[in-house]
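**Student:** Per Swiss-Prot, the feature active site, proton acceptor maps to 174; the stated evidence is similarity to another entry. Annotation source Swiss-Prot lists NAD(+) binding site at 6, 7, 8, 9, 10, 11, 12, 94, 117, 118, 119. Annotated substrate binding site per Swiss-Prot: 81, 87, 119, 150, in sequence order.
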């Protein structure tokens with residue numbers, strides 16, 4: 001499998017490193033405009049391949065001709081979110097970068113699986129869909145797996161249990177309007193309503209929603225290890241067939257038409273295979289509906 005990673009910053013290089021460790025691709029192309037950064041990353045990554053004695057070809061380059069016939073393209077270029085900055089404020093900054101890169105990829109690969117890792121993922125995915133560069137089922141954005149990991153982590157920490165005993169799901173946008181699906185969340189096969197009252201769940205929601213901001217505050221840059229791990233989980237699901245939360249273009253599901261929204265879905269090299277139907281509670285439906293109206297996905 002050939003995977004191209006666009007952007008050799010913290011997220012992109014972490015993804016490339018994880019691809020090596022998990023042996024997901026036998027050919028990796030890392031693209032960036034910063035030659036010094038590329039040189040350093042190529043040394044680090046190729047020496048990692050040598051240390052692990054793996055049969056993986058890796059190339060770090062500015063030249064998009066080397067991306068030809070990529071099976072998967074992971075877009076992680078653009079500006080990272082700063083302390084106090086919303087994901088929405090990033091949209092204008094990162095839109096032109098993404099569209100330019102997507103057009104260059106299109107010149108050498110007709111219709112790869114294109115996964116957006118750059119924020120704001122949902123709205124960048126909308127823009128990419130509207131551009132018509134790639135088919136709608138082949139464009140996806142990663143965020144739900146990361147948010148769900150934060151949900152699992154915070155719930156396990158709050159209840160002092162192992163994360164492996166916790167099962168969580170969420171849908172919606174990769175921002176403060178995400179919907180943690182309480183009705184599908186369980187600990188040791190028991191719904192979390194048996195462990196948390198409404199106030200405690202609201203506190204948990206806040207911790208999950210501020211997960212990224214907490215990293216930015218203390219690290220002075222956006223998270224990158226957990227996002228890279230979430231991306232790898234998505235790629236490995238292509239083989240496992242498991243449902244994972246991800247932002248996809250909907251065509252009527254959840255009442256959304258031709259817009260990107262985080263849902264539980266199954267992924268293949270051919271794109272989105274299946275979207276999970278979910279029996280949401282009235283409260284969960286109301287939260288989702290309000291967010292759809294807020295972002296003008298629906299009229300009031």
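Here the Cβ of each residue, glycine as well, is placed from N, Cα and C on the backbone.
Walk me through where these features lie, including what they touch and how far apart they are.
**Tutor:** In three-state terms derived from DSSP, residue 174 (active site, proton acceptor) belongs to neither a helical nor a strand segment and is classed as coil.
Of all Cβ atoms in the protein chains displayed, 27 besides its own lie within 10 Å of the Cβ of residue 6 (NAD(+) binding site).
In the three-state DSSP classification, residue 150 (substrate binding site) falls within a helix. The local packing around residue 150 (substrate binding site), expressed as other Cβ atoms within 10 Å of its Cβ over all shown chains, amounts to 24.
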**Student:** For residue 6 (NAD(+) binding site), name the DSSP secondary structure in the helix/strand/coil scheme.
**Tutor:** strand
**Student:** Using a 10 Å cut-off between Cα atoms, which of these binding-site residues sit near residue 81 (substrate binding site): 6, 10, 117, 119?
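**Tutor:** Close binding-site residues: 119.
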**Student:** How long is the line from the C-alpha of residue 6 (NAD(+) binding site) to the C-alpha of residue 174 (active site, proton acceptor), rounded to the nearest angstrom?
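**Tutor:** With the alpha carbons as reference points, the distance is 21 Å.
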**Student:** Most Cβ neighbours within 10 Å: which of the recorded positions 81, 174 is it?
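**Tutor:** Most Cβ neighbours within 10 Å: 174.
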**Student:** Compare the Cα of residue 174 (active site, proton acceptor) against each of the binding-site residues 10, 12, 119, 150 and report the nearest.
**Tutor:** 119
